[in-house]
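Take a look at the structure below.
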Amino acid sequence: MQIFVKTLTGKTITLEVESSDTIDNVKSKIQDKEGIPPDQQRLIFAGKQLEDGRTLSDYNIQKESTLHLVLRLRGGGKKRKKKVYTTPKKIRHKHKKVKLAVLNYYKVDDEGKVAKLRKECPNCGPGIFLANHGDRFYCGKCHSTFATQK
């Protein structure tokens, strides 16, 4: 029987085969006509790739059927080298959680009155405390500095 093989260039080859012929035999006949080695050939019929050991009748290939020839692509992407670091990774700073830290800002006296231990920023308002640097007070929010009088 006669089958057609359509190549990548759009050229159609006619082959004389039997339904009992294997895909290997068909590929060797294509090699004789086109010079493409069988290990680089992929034959497609009805959207399926044809395996080498099977016969034409296994795929229900009848007379005047058209097979599509595509070339096999070898390999994949180039392997990338793993980065080697010369210095060890910097250890991330871990926040130390202090339980009941708010007790450091206020003091309760014997009479039950609450007194602030730190000064509040006059620019930022209540709740923003100034850092005490001995000779001066500093606001971390608005970056104001207040000098203490001696």
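Glycine is treated like the rest: Cβ placed from N, Cα and C.
What Swiss-Prot lists as ubiquitin cross-link is LYS6, LYS11, LYS27, LYS29, LYS33, LYS48, LYS63. Residues or ranges marked as domain 'Ubiquitin-like' by Swiss-Prot: 1-76. Annotated zinc finger per Swiss-Prot: 121-142, in sequence order.
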Only counting partners 6 or more residues apart, tell me which same-chain residues put their Cβ under 8 Å from the Cβ of LYS11 (ubiquitin cross-link).
none
Do any residues, 6 or more residues outside the zinc finger (121-142), come within under 8 Å Cβ-to-Cβ of it, and if so which ones?
105, 148
Sorry to bug you, but what's the C-alpha spacing from LYS6 (ubiquitin cross-link) to LYS29 (ubiquitin cross-link), rounded to the closest Å?
14
Tally the residues of the domain 'Ubiquitin-like' (1-76) by DSSP class, grouping H, G and I as helix, E and B as strand, and everything else as coil.
18 helix, 25 strand, 33 coil
Can you tell me how the residues of the zinc finger (121-142) break down into helix, strand and coil by DSSP?
0 helix, 6 strand, 16 coil
Relative to the Cβ of LYS27 (ubiquitin cross-link), which residues of the same chain, six or more apart in sequence, are found under 8 Å away?
PRO38, GLN41, LEU43, ASP52
In the structure shown, which of the recorded sites LYS6, LYS29, LYS63 has the fewest Cβ neighbours within 10 Å?
LYS63
Quick one: Cα separation, LYS33 (ubiquitin cross-link) versus LYS6 (ubiquitin cross-link), in Å?
13
